[in-house]
Amino acid sequence: MYVSNCNPCAIHRKINYPNTKLDFEQVNNITEFILLGLTQNAEAQKLLFAVFTLIYFLTMVDNLIIVVTITTSPALDSPVYFFLSFFSFIDGCSSSTMAPKMIFDLLTEKKTISFSGCMTQLFVEHFFGGVEIILLVVMAYDCYVAICKPLYYLITMNRQVCGLLVAMAWVGGFLHALIQMLLIVWLPFCGPNVIDHFICDLFPLLKLSCTDTHVFGLFVAANSGLMCMLIFSILITSYVLILCSQRKALSTCAFHITVVVLFFVPCILVYLRPMITFPIDKAVSVFYTVVTPMLNPLIYTLRNTEVKNAMKQLWSQIIWGNNLCD
């Protein structure tokens, strides 16, 4: 809730970034935010509830199958599958931080989220997003070594290196999310508290702050949008160079490029721009928070014979094991 007689100008003159808990409480009178959600149409909400519940179920099942298959199959012991299992794990975690709340809100009349819950959601969203960005770079490097320098692949991508690269992804994602959250958490919010979105995101929150946030908007565009554009360009260029040197790698690179495009293009559309919001932002956010985590495991396993054979073997062991037990 927010205090209607709050004077934003007085607060802004007093302090922009509070340094103590007392100052923070004085400038922040909002304890919760109201989310307008995807739509106000009751029939559309019921339809979206069914669709998103199915998508979330498929996302969790698909990614869980990939993680279990890779971790239990000796045939999938190479670094590329180690990174793929980790990527599927992150996809499942990322989807679980957004989808359940969004699905639940489709059935509730008043969609609210506490201030601390909003900051937590913002942090987790950008944490997993940052981890996935770094992991996509790692997977591109792994693809380059495997295709262009196959004789040195197992030496270059040994267990220690793979573990270090994954640890770097975790640390990089944490630092990215921490910067984004600290950018928002100390801003003064004194009303209104209505977010025209289904999640807490940077630009909608910046618009609600009762201080000038144009500089912060530029920082977000640079830290998220420009960085995504730069990494996206590097990844696409890398895969093109791999294809130029090894045309036989077309199918492998095509799947990697598809995942990169599905991940980065929506992020670039949302963050690489001035601090303004559009109605289409919700649809774009739905795509990269709900749909993309479901598509990624399908794309990576669609024509991967080794993964499909390992899945068949796993299911055979499960079925025959159950029959033997019976």
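Cβ atoms here come from the backbone N, Cα and C positions, even for glycine.
Membrane topology per Swiss-Prot: Met157 and Leu241 share a side, carrying the same topological domain name. Considering other CB atoms within 10 Å as the measure, the emptiest surroundings among the recorded positions Asn29, Cys118 are those of Asn29. It is 11 Å from the Cα atom of Asn29 (N-linked glycosylation site) to that of Cys210 (disulfide bond). Neighbour density for Cys210 (disulfide bond): within 10 A of its CB lie 23 other CB atoms from the protein chains shown.
Highlighted: of the candidate stretches 47-70, 122-141, 283-302, 47-70 has the greatest count of Cβ pairs under 8 Å to the transmembrane segment (79-100). By number of Cβ pairs under 8 Å, the transmembrane segment (217-240) is matched best by 122-141 from the list 47-70, 122-141, 283-302.
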